[in-house]
Number of protein chains: 2
Amino acid sequence: MPCSQGSVESLALYYVVCAARFKGSGRVAKLVVLIDTPDRPGLLSEITGLLHRLGANLVTSLGYAVEDYARLLLIVDSPLEPDELKERIEEQLGEDAEVKAAPLGPEGAELLAEFLHDKPGLVNLLEVYLEPPDLLDALLRLPRDVRRRLYRVLSAQSLGGIMLLADEATLREIAESVDLDHLAKAIATLDPDEAVDVLQKLPEKLRRQLLGRLPEELRREALRLLRYPPDTAGGIMTTSIPVLRAGDTVQQALQLLRRGDHDVRDTIIVVDEEGHLVGLVTVDQLLRASPSEKLEKLAVRPRATVEPEVDREEVARLMLRYDINRLPVVDREGRFLGIVTVEDVADVLAEEAAEDIALLGGLETPRERYLKASIFDLFKSRLPWLLLIYAIESVTANIIKGYEDVIQRIAILAAFIPLVMDTGGNVGSQASSMIVRALALGEISERSRHDIVYVFLKELATATLIGSTLALIGFGFAMVLSGGNFMLSLSVALTLLIVTILADIIGATLPIIARRLGADPAAVSGPFVTTIVDISVALVYMGLATHLVLKAG
Amino acid sequence: MPCSQGSVESLALYYVVCAARFKGSGRVAKLVVLIDTPDRPGLLSEITGLLHRLGANLVTSLGYAVEDYARLLLIVDSPLEPDELKERIEEQLGEDAEVKAAPLGPEGAELLAEFLHDKPGLVNLLEVYLEPPDLLDALLRLPRDVRRRLYRVLSAQSLGGIMLLADEATLREIAESVDLDHLAKAIATLDPDEAVDVLQKLPEKLRRQLLGRLPEELRREALRLLRYPPDTAGGIMTTSIPVLRAGDTVQQALQLLRRGDHDVRDTIIVVDEEGHLVGLVTVDQLLRASPSEKLEKLAVRPRATVEPEVDREEVARLMLRYDINRLPVVDREGRFLGIVTVEDVADVLAEEAAEDIALLGGLETPRERYLKASIFDLFKSRLPWLLLIYAIESVTANIIKGYEDVIQRIAILAAFIPLVMDTGGNVGSQASSMIVRALALGEISERSRHDIVYVFLKELATATLIGSTLALIGFGFAMVLSGGNFMLSLSVALTLLIVTILADIIGATLPIIARRLGADPAAVSGPFVTTIVDISVALVYMGLATHLVLKAG
């Protein structure tokens, strides 16, 4: 390999040569390797020679000297696992060499960050070989000031890619670091719908300034798409798909596809003179048809369309349910506006899933990445929820206080409070997550009378079954713990039964009600149910105990 | 419209004619309409005439007479919302007519079920116009015996589509109702990877019997795919994509695509003589290239490949992160096995999201639809979890019992137990859902040392901030409720501070540990954290109270 000479100094040149020669077949698994080792001539030939023997491809490598040490960063396409490769390289270089290896991704990003920390400038030699997510992950693991320096030196291409992935806070940071023209250039490297995703996250004023600097065509397209909120069909649809008239021919369609400058390249849209959607034609249809054939002859009516206002989650459900890869978006009059692809759906699902996880844990969805969020941001996003629960729990406390004298006389009562409350809470969240799930999968509909009645009865039955079981066990347990206080144990058991049924019904119906009110079912689930339950527990349990135990004793 | 004559009796003929004439442009929104009205000649011409005036397309309609009443089912492609359409039809038919309208989907399925209930045989006239999910939803809303009758009369096509969507319990039900040959025919209507998804859900014995009855080619393909577990790359990949040799020409590739009998039609796979993956070629590349061009010249190396054993969630993360639509699956030697499409990813995401919802609620993922699961199934799937919590809470109870005398003397202590415990529990689940989310989005990596330390410190800081705030408020609240008992209020406050920090750290670290152990982070979140917290609360709170309050008093 002619490109394996020299020591670290000549690397910047070196890596280009090798990258160009990169070729191979079979597995593709890119690793990041960070090497700290005493510099010496022929160091690279050793390493590249080794990689060659291991059947690994060197995508790129660069480095710099720290005193008489060389710090090398390799991106390798390797048949070996990271740890194997690490060991083999350490064997080769001897024990003074420190080697770290990780797959490209969040882990690899840490090594990239470590490498860039001292020589940010080298990012320009690196960015060509990194996908935006890896680049962004590396940046987010660097100190703020280094990161800001890097934003400025990145190519418009890389910067655009990063902005598309960045959360609002990071975007603000980027906007503050980079001058408007470069920002505009970066955004101009994106598809219209992507550009709009970015613009929508930027403050009004900045957005207008950037729009003014965008290329004419992109600006017009962006302004059109900006009308739709991001969480609607219009907000996620792409307009980068070939559109032709019913009267056009297969020939013309193929010519358009040949350009390959559209996002969607396997389907074309056919519209009439007024732009009303007539149908879709797939590329294999075109290949089969005669060049002079009119498109209206081939156009297949889609199985469904949506209007731009439809919620993106609904769109995702629809496309998943009917296994639709290309869903046209049309206005009320049926004019074609754009198309939602299954790629968009995948993104939506990932985001919505993350949102649900947050909601079920009692959080509003964070508007910035965890790594970027300041401690005070987290504090602000979490406290309101906790205070709400707090307020509700203070009611519980008040109720129990009302029974102070009862507790004074039967202190053991207190011992069962957590048991009963947690059981109620968990039964409730079980029920609600079961229903949230069934709703999400479209197994049941919040609009179907049949389903609502069905859920109610089924949960009533299940809860009674579970409740009696828990009551039975609880009774035995209470008898033991209270040293055979029958009435006390009875009130524990009855509370368990009542609370289980109550919690289950509340937990199961809340999500359905939420859906009917157009709210997110996940939002009302979890902690919410728990607190409602706790209050009823306090009332039922203390009430029962007072009557049964005191009246008895 | 010539097809709008006659009364209900002639419908079965009628609907075909109209369906054939069905055409249109613009919006596509299918509604199901169920009409019960006194039968009379010209009834249909009235309805179809009305639909025509409303600009709605009649996809199909059929019905039967009940005494002198006609029960009509229409599937309409309508520009009006269900309720509007319902009203307009009711106006037309007068008040003796009962009309229900709903969009196709879970809701519409209820109307389909209502219609099929009395005349299951009519399903054969209907199935042609229904997508499998709608058909299945309708069936699941029918009584078991009717449903079983329906399975038998369904076409192989429809039955295959339903089996692909059905859960294990429903599949078993189908297998029991339909004879082997028809089952095999149904499965033979599916793509190999789909057929395998179904076969994998069937009991070993039945699977072998069915495999024996499948067409030769499908059987061979299925046997190959059956080697991979359903939750791996191999389990979700499709093999229905054109594969050619490096030496083949663009001409040959286009010919293969022209047949259009593959699942993936916008990309071809190029392999060498031994079947090693060389690269991918997209259809627009082919259209641009000269027909005699060799494919190896065009083949583009994929950005990544995976081996069949890789977990499907990891595959989804990879494809989302790098925005990959076609991810080749290769064996250790780099031989091409199949391809994972973004469609597959969307399905995986939907399922995994549903799984997480279940786990966060403290459920193992239901193996059958909610509508099918028997009450006893639900009972069995929910009880173990509740008993586990129960066991843990019994510890709490025991701890508190240990302080019986303390409570006797300061009964008010009990009032704050729920407040403190729920706060801890909620802080914990907030922290864990935040981390589960960040892990799911790849914002942080459980393998990155940097990230783990970062999370720990950040949560420590946030929790301290939140804890102090809650402690302050809690102190004030306790002072009021306890009538100025300073030491008691102090122990409430201190407990809140300690518990908040404890709960947050536990909640944040558990998911990371789970990931490192290869478990699902969502599984350890939620209820789990709560119970761990409760025990520590019992210890800290009662301990503090005893020391501070008693020693003081």
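Including glycine, each Cβ sits where the backbone N, Cα and C put it.
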>> Tell me which of A:51-75, A:526-550 corresponds to the transmembrane segment entry in TrEMBL.
In response: A:526-550
> Counting only residues 6+ away from its ends, which parts of the chain sit with a Cβ under 8 Å from the transmembrane segment (A:526-550)?
Replying inline: 359-362, 385, 389, 392-393, 395-396, 399-400, 402-403, 406, 409-410, 413, 416-417, 420-421, 424-425, 428-429, 431-433, 485, 487-488, 490-492, 494-495, 498-499, 502-503, 506-507, 510
>> Give me the DSSP three-state residue breakdown of the domain 'ACT' (A:32-104), ordered helix, strand, coil.
In response: 23 helix, 32 strand, 18 coil
>> Averaging the per-residue pLDDT over the domain 'CBS' (A:237-296), what integer do you get?
In response: 92
